[in-house]
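Listed features, source TrEMBL:
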type     : residues : note
TRANSMEM : 20-39    : transmembrane segment
TRANSMEM : 51-75    : transmembrane segment
TRANSMEM : 95-128   : transmembrane segment
TRANSMEM : 197-216  : transmembrane segment
DOMAIN   : 231-368  : domain 'DUF418'
TRANSMEM : 237-258  : transmembrane segment
TRANSMEM : 264-285  : transmembrane segment
TRANSMEM : 306-324  : transmembrane segment
TRANSMEM : 330-353  : transmembrane segment
Amino acid sequence: MMNSVPPPRRAYADRLRGFALFGICLVNLPFIALPIGTMSPEPLGLADATALLISALFVDAKFFILFSFLFGFGFSVQTAGRTREEARRSFLRRLWGLFALGVLHGLLLFPGDILTTYALLGLGLWALRDASDRVLHRCAVLALLVAVPAFTGLDYLVQTLPPPSADAQAATIAAYRGSLAQILGQRWQDWPETVPFILLYNWPMAFAAFCWGLIAGRRGLLSAPEGILSLIHRYRWGLWVGAAFGNGAYVLASIVTMPNDRWYGMPFLALGGPCLAILYAGWIARLDGRIARMLEAAGRVSLSHYLGQSLCAVLIFNGLGLYAELGYGGLAVISVLIAAGLTGLGSLWLTAFRYGPAEWLLRCWTYGRWLPIRREGA
C-alpha cells in the first residue's frame, strides 16, 4: 500500500493558486456562455470593449501559466521523500485520475478542459524528474520559443477560418438553451473544436511553466514569500519591460491598429504573459490578512473550485436560459462573483473537511483506498 500521508502545505503556494483561480474563471466563462465559433474580439459597446481590453492586458495567458507553474511545484512536493517506486505509482495514478476527471469535465461541463492537458503533459514532467535544473531550464525556454509560432498559427487560424453561418449559430444557441440531451450533444460536438486551440495556446507555455515550477520546488522558492520576492527583485526591470512591451504590443496589434489583420498579435503574449504572471506572484507574496487567508483556502480546494466554476456557469447560462444573452462586460462581473462565491464557500468547507470533494476523490484514487475527509471533532 502506498503512503497516504499528505505532503506539507505551503501557504504562499496555496494563496497564489487561489488567486490564479479568479483569472481562470474570467478566461473560461465566455467559452461556456457564448458560441465558440462566434466569439469575436469586436466589442459591441463600452462595457464589452473595456472588459476585452482589461482581459487582453491583464488576464490573457497569465493565469493558466501560474496554475501550470504550481502544478510543476506540486510535483516536486509530492515526490519529495518518497522512494522512486512510490513516487512513480502515486504520480502516475494521479495523472490517470486527472485525465478521467478532465474527460468528464469536458463532456459534461466545459469543452475547454485543462485537466486532460495536465495529465498528458505530466507524463513529460515525469520523464524529466531526474534532469538537472539547467536541463529543465533549457526545456522551459525551448517550450517558450515553440509558443511563438504556435501562437502565430493559432491567431492566423482564428482569423482565416470562416465564421459559422447564421443558421449554424442559431442551432448552437437553441441547443444550449434546450434539454439536457441537447446541451450535452452540442457540447460533445464542440469539444473537438477546442483541441487545436488547447494544443497551440496551452501546451507549450504550460510545459515551460511545469519545468520552472519543478525547479522552484527543488530550490524551496515557494516555501516562504521571501524566496520569490528576492528572485523578482533581481530581474524586476526585465520583467516590467517584458510585461509592458509584450502585453502592450499584443493589444495594439490584436485589437486597436489592424482589426481585420490581427494574426501577428498573439505571439507577443509569449513574452508579456509570463512576465506579468511572475509580477503577479510578487504582488500576492506581499498580500496579508483576511483576503490572503481566503485565497489560501481556495488554493487548498483548487480542483473543486475549478470544476465548481464550470458547474456554476452551466447552471446559470444553460439552466437559466442565459446562454448568448450577455456581453463580455456582464460575463466579467459574473466571473468575479462566481470565483468570489466559491472562494468563500471553500473557506467554510475547510472548517469541517480536510479536502475539497474533488481533491478527496483524486487522493483516494491516487493512494488506492478510502481516506477520511471530515476533520476530527467536526
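Even glycines carry a Cβ here, placed using N, Cα and C.
Mean per-residue pLDDT, taken over the domain 'DUF418' (231-368), amounts to 92. Taking residue pairs at least 6 apart in sequence, the transmembrane segment (20-39) and the transmembrane segment (330-353) share three or more C-beta contacts under 8 angstroms.
The recorded stretches the transmembrane segment (20-39) and the transmembrane segment (95-128) share 3+ CB pairs below 8 A when only pairs 6 or more apart in sequence are counted, and are therefore in contact. Counting only same-chain residues 6+ beyond the ends of the transmembrane segment (95-128), those with a CB under 8 A from a CB of the stretch are 28, 31-32, 36, 64, 67-68, 71-72, 75, 88, 135-136, 139, 184, 187-188, 190-191, 193-194, 197-198, 202-203, 206-207, 210-211, 214, 303, 306-307, 310-311, 313-314, 358, 361-362, 365-366. Taking Cβ pairs closer than 8 Å, the transmembrane segment (51-75) reaches residues 13, 16-17, 19-24, 26-27, 41, 43, 91, 114, 118, 122, 125-126, 129, 201-202, 205-207, 209-217, 222, 247-248, 250-251, 254-255, 269-270, 272-274, 276-277, 280-281, 302, 327-329, 331-332 in its own chain, all 6 or more past its ends. For the domain 'DUF418' (231-368), residue counts in helix, strand and coil come to 108 helix, 1 strand, 29 coil, using DSSP.
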